[in-house]
Amino acid sequence: MSNYFNTLNLREQLDQLGRCRFMDREEFATEADYLKGKKVVIVGCGAQGLNQGLNMRDSGLDVAYALRQAAIDEQRQSYKNAKENGFEVASYETLIPQADLVINLTPDKQHTNVVETVMPLMKEGAALGYSHGFNVVEEGMQIRKDLTVVMVAPKCPGTEVREEYKRGFGVPTLIAVHPENDPKGEGWDIAKAWAAGTGGHRAGCLESSFVAEVKSDLMGEQTILCGMLQAGSIVSYEKMIADGIEPGYAGKLLQYGWETITEALKFGGVTHMMDRLSNPAKVKAFELSEELKELMRPLYNKHMDDIISGEFSRTMMADWANDDVNLFGWREETGQTAFENYPESDVEISEQEYFDNGILLVAMVRAGVELAFEAMTASGIIDESAYYESLHELPLIANTVARKRLYEMNVVISDTAEYGNYLFANVATPLLREKFMPSVETDVIGRGLGEASNQVDNATLIAVNDAIRNHPVEYIGEELRSYMSDMKRIAVGG
């Protein structure tokens with residue numbers, strides 16, 4: 001197999017990267033009806049597999065789980081997840097031949113083996129579904145020409161897919177049809193019905209492509225969504241401890257600060273997040289974020305370049321073939337960082353205190369969101385895709401840090417995201433430590449400005465506000481958030 005994206009000519013690459021259209025609610029008028037009366041078989045029963053299946057069943061679809069015989073015989077967690085929720089569970093050989101739609105929701109590194117195993121069992125004219133297109137785009141999986149290949153990619157962890165559905169809402173979702181596999185022209189009907197079955201149509205669906213989903217998803221998770229949270233947590237904790245701030249307070253400010261700060265981001269973009277600061281703090285955060293953007297732009301661009309070229313995938317798949325030696329080593333190193341081991345504290349931190357004493361975190365979020373967005377759009381990815389993979393998902397990932405620090409983040413995200421996170425953080429951490437943090441004081445991380453006056457120069461404040469509000473991520477964000485007015489509140493601090 002060879003990288004599918006690299007087999008396309010430049011015009012085809014740009015066309016696929018630029019596929020992104022916000023779909024009208026009317027396009028989902030029939031909701032999941034196209035799949036009713038048909039057999040949906042999910043392979044894999046982890047967070048996405050279980051929660052998508054629960055939603056689809058509640059939407060009136062016939063859902064079952066195909067697991068490896070060993071997983072059934074040994075009653076592994078995937079078997080328990082499906083069985084305890086009342087689903088039909090059986091082997092590949094039993095269920096796959098019955099399926100009209102087979103949905104592969106196993107981890108990325110298992111996709112080639114899973115698809116090669118199930119494809120011979122699939123009946124003529126069936127459909128194969130993915131929630132991430134890595135196997136198709138980066139590994140170049142060749143799929144039988146009689147099979148329709150579709151993607152439904154919820155833009156959040158599986159647990160949120162279920163919780164939002166139970167509220168009568170959903171999560172924003174990318175849907176796509178593989179242009180090489182739509183023999184009957186029914187791909188979009190299948191994808192729309194699957195998305196509606198999960199509830200995604202209520203929050204808004206983007207008509208995308210396998211290529212656009214993969215390239216933007218990899219970029220977001222490696223940089224702002226995971227890598228920046230990891231690097232920022234490590235260097236900020238080190239700075240506070242070195243400058244005499246109590247470890248329990250320092251750790252808690254970071255662990256829950258990311259979540260609280262990005263909650264504001266979720267509802268009103270970078271503009272609202274920055275508006276939560278006093279005027280002097282906003283100006284300071286803006287100045288810091290400008291420094292960070294200048295320092296880190298080459299690193300963001302390198303990650304985008306390596307994703308587009310396929311170099312990232314080649315490197316990661318080489319580690320897969322080497323039993324994940326690098327992944328496991330980096331995971332162990334992360335577990336040994338000072339932030340991961342800070343002592344629990346019952347110190348109370350108010351919501352506003354996370355902003356007042358976490359000015360640096362606000363600066364890092366603004367810089368990271370804008371850098372990721374700019375790198376993606378400069379590479380041909382449309383604004384809508386870039387927004388979802390930079391700003392929109394950030395509160396959801398920050399929520400995992402709040403639960404169990406970086407460990408939880410790296411457990412919840414995919415192995416692909418975790419590997420990319422370490423690649424970024426392993427460079428970003430020493431870069432920040434050596435080139436940025438020496439000039440940072442605890443007035444922006446740990447203690448706050450403590451200003452006696454809220455006075456700032458009017459011209460300076462106007463210029464800062466204009467720069468924040470007129471960034472392209474703010475324009476597209478305002479439009480897309482208008483479709484998600486029923487978003488629930490995630491956090492107000494720990």
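Note: Cβ is positioned from N, Cα and C throughout, glycine not excepted.
Copied from Swiss-Prot, the annotated features are:
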DOMAIN    14-208  domain 'KARI N-terminal Rossmann'
BINDING   Cys45, Gly46, Ala47, Gln48, Arg68, Arg76, Ser78, Asp108, Lys109, Gln110, Gly158  NADP(+) binding site
ACT_SITE  His132  active site
DOMAIN    209-344  domain 'KARI C-terminal knotted 1'
BINDING   Asp217, Glu221  Mg(2+) 1 binding site
BINDING   Asp217, Glu389, Glu393  Mg(2+) 2 binding site
DOMAIN    345-487  domain 'KARI C-terminal knotted 2'
BINDING   Ser414  substrate binding site
So among Ala47, Arg68, Gly158, Glu389, Ser414, all listed as binding-site residues, which is physically nearest to Asp217 (Mg(2+) 1 binding site)? Use the C-alpha atoms.
Glu389
Spatially, and counting Cα to Cα, which of the binding-site residues is closest to Glu221 (Mg(2+) 1 binding site)? Options: Ala47, Ser78, Glu389.
Glu389
Quick one: of Ser78, Ser414, which of the binding-site residues has the smallest count of other CB atoms within 10 A?
Ser414
If you count other CB atoms within 10 A of each CB, which of Glu221, Glu389, Glu393 wins among these binding-site residues?
Glu389
Ser414 (substrate binding site) versus Ser78 (NADP(+) binding site) - Cα distance in angstrom:
16
For Gly158 (NADP(+) binding site), what is the tally of other C-beta atoms lying within 10 angstroms of its C-beta?
22
Return the residues near Cys45 (NADP(+) binding site) by Cβ distance under 8 Å, restricted to its own chain and a separation of at least 6 in sequence.
Gly53, Tyr65, Leu67, Ser78, Tyr79, Asn81, Ala82, Leu105
C-alpha spacing of Gly158 (NADP(+) binding site) relative to Glu393 (Mg(2+) 2 binding site), in angstrom:
13
Can you give me the same-chain residues 6 or more apart in sequence from Arg68 (NADP(+) binding site) with a CB-CB distance under 8 Å?
Ser91, Tyr92
Over all shown protein chains, what is the count of other CB atoms within 10 A of the CB belonging to Lys109 (NADP(+) binding site)?
21
What's the CA-CA gap between Ser414 (substrate binding site) and Lys109 (NADP(+) binding site) in angstrom, rounded?
10
Using all protein chains in view, find how many other C-beta atoms are within 10 Å of the C-beta of the residue listed as 'active site'.
24
Within the domain 'KARI C-terminal knotted 1' (209-344), residues counted as helix, strand or coil by DSSP:
117 helix, 0 strand, 19 coil
Specify all same-chain residues, apart from the site residues Asp217, Glu389, Glu393, whose Cβ lies within 8 angstroms of the center of the Cβ atoms of the Mg(2+) 2 site, ordered by sequence.
Lys155, Ser216, Met219, Gly220, Glu221, Leu225, Tyr388, Ser390, His392
Could you give the number of helix, strand and coil residues in the domain 'KARI C-terminal knotted 2' (345-487) as assigned by DSSP?
104 helix, 0 strand, 39 coil
Going by DSSP, is Ala47 (NADP(+) binding site) part of a helix, a strand, or coil?
helix
